[in-house]
Amino acid sequence: MELQEVLRMNGGEGDTSYAKNSAYNHLVLNKVKPVLEQCIRELLRASLPNINKCIKVADLGCASGPNTLLTVRDIVQSIDKVGQEKKNELERPTIQIFLNDLFQNDFNSVFKLLPSFYRKLEKENGRKIGSCLIGAMPGSFYSRLFPEESMHFLHSCYCLHWLSQVPSGLVTELGISTNKGSIYSSKASRLPVQKAYLDQFTKDFTTFLRIHSEELFSHGRMLLTCICKGVEFDALNAIDLLEMAINDLVVEGHLEEEKLDSFNLPVYIPSAEEVKCIVEEEGSFEILYLETFKVLYDAGFSIDDNYPVRSHVQVYSDEHIKAEYVASSVRAVYEPILASHFGEAIIPDIFHRFAKHAAKVLPLGKAYYNNLIISLAKKPEKSDM
């Protein structure tokens, strides 16, 4: 099976769907919103071609479910807020938003939400239907998606840790895994494995920057949010817990060791410095803003997180119940690729053990994601200077 066929979230609206298990991502988007507003404010001051009539925006790696339109709402509200600050100096522009993800993404679940979304925009923002146009642009964001110099703003959240392929060199000429017992570039991985993953990320992220810089107008903006490495050695990434759960099944005799050793996630979690260096080395963008922040795995399920818990989501204090929620969130993201390699039957067992490990680390305060927000502006061509 081709990798792109399984690089997707769980679709639909069932109990294991991404739509029902993305409260954490909702919180991250809320934390990014002030930076998004500032980015839009700077964009509208830049006097890009045709921006006063039609702002062209893309959300790269949009996934599915309500969070997709939460991002769209935040972008629209930010544009309208800046317009109000200008006291109607400019007419309210049309906004054209392209939702991008791989071809297997559940775009239909998003499209079904659009009629009510448009009505809500009209009621809350005064945007008449037709003044915000939303469509899909399926394809890999590591390839060209839009014509040259046609876009004003590109946004991506929690996507860039996904690589275009599993790095080469993880199996010797004799067919022996060089990453035994691991499923990605973890702290326990050997240095050659860590280098192979970093090299693949560098290649992919450089391609991402180069291709999308060509699609943006000069001075166009890009806002990226991604998982990043922290400085704390004892912090556990969710993929570490997933790795531990799969190893448990091997030890218990439910899974062959060779099956584990032949599996490597096309995922790399970079450091903030690695991201910064690649941007500077590629050279198409100026870094306007860079910040890191932490969010606990169980964020979205506690009043202390300052998260607007939805009415049908009960707030629990028991760590085992929280751990089940964390396991469901991770399952919604990784189940398709895990099932393609290990089989669907063993998925419940993997995440049952994942939840057990999560319940142990949640009380320690070491179960969190480090996150990076980076705001970029495309440098002008020499002919534009």
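Backbone N, Cα and C atoms are what each Cβ position is placed from, and that goes for glycine too.
Copied over from Swiss-Prot, here are the features:
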type	residues	note
BINDING	Y18, C62, N67, D101, L102, S140, F141, C157, C159	S-adenosyl-L-homocysteine binding site
BINDING	N21, N25, Y158, H161, W162, S329, Y334, Y369	xanthosine binding site
BINDING	N179, D261, F263, N264	Mg(2+) binding site
SITE	H155	site 'Involved in substrate discrimination'
SITE	V267	site 'Involved in substrate discrimination'
SITE	E344	site 'Involved in substrate discrimination'
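Non-local neighbourhood of V267 (site 'Involved in substrate discrimination'): H161, W162, L163, Y184, I239, each in the same chain, at least six residues away, with C-beta under 8 Å from its C-beta. Counting only same-chain residues six or more apart in sequence, the Cβ atoms lying under 8 angstroms from the Cβ of Y369 (xanthosine binding site) belong to I227, N237, A238, K294, V295, Y297. Cα distances from Y334 (xanthosine binding site) to the binding-site residues Y18, L102, D261, N264 are smallest for Y18. When the alpha carbons of F263 (Mg(2+) binding site) and E344 (site 'Involved in substrate discrimination') are compared, the span between them is 15 angstrom.
If you take the Cα of F141 (S-adenosyl-L-homocysteine binding site) and the Cα of E344 (site 'Involved in substrate discrimination'), they are about 28 angstrom apart, rounded to a whole number. N179 (Mg(2+) binding site) sits 30 Å from N25 (xanthosine binding site), taking the CA atoms of both as reference points. Secondary structure at H161 (xanthosine binding site), taken from DSSP and collapsed to helix, strand or coil, is coil. Proximity to S329 (xanthosine binding site), judged by a C-alpha distance within 10 Å, picks out Y18 from the recorded positions Y18, N67, L102, H155, E344. When secondary structure is read from DSSP and collapsed to three states, N67 (S-adenosyl-L-homocysteine binding site) falls in the helix class. Counting only same-chain residues at least 6 apart in sequence, those with a Cβ under 8 Å from the Cβ of N21 (xanthosine binding site) are N10, Y325, S328, S329, R331, A332. Following the DSSP three-state reduction, the secondary structure of Y334 (xanthosine binding site) is helix. In this structure the alpha carbons, written CA, of E344 (site 'Involved in substrate discrimination') and Y18 (S-adenosyl-L-homocysteine binding site) are 17 Å apart. Cβ neighbour density within 10 Å is lowest for H161 among the recorded positions H155, H161.
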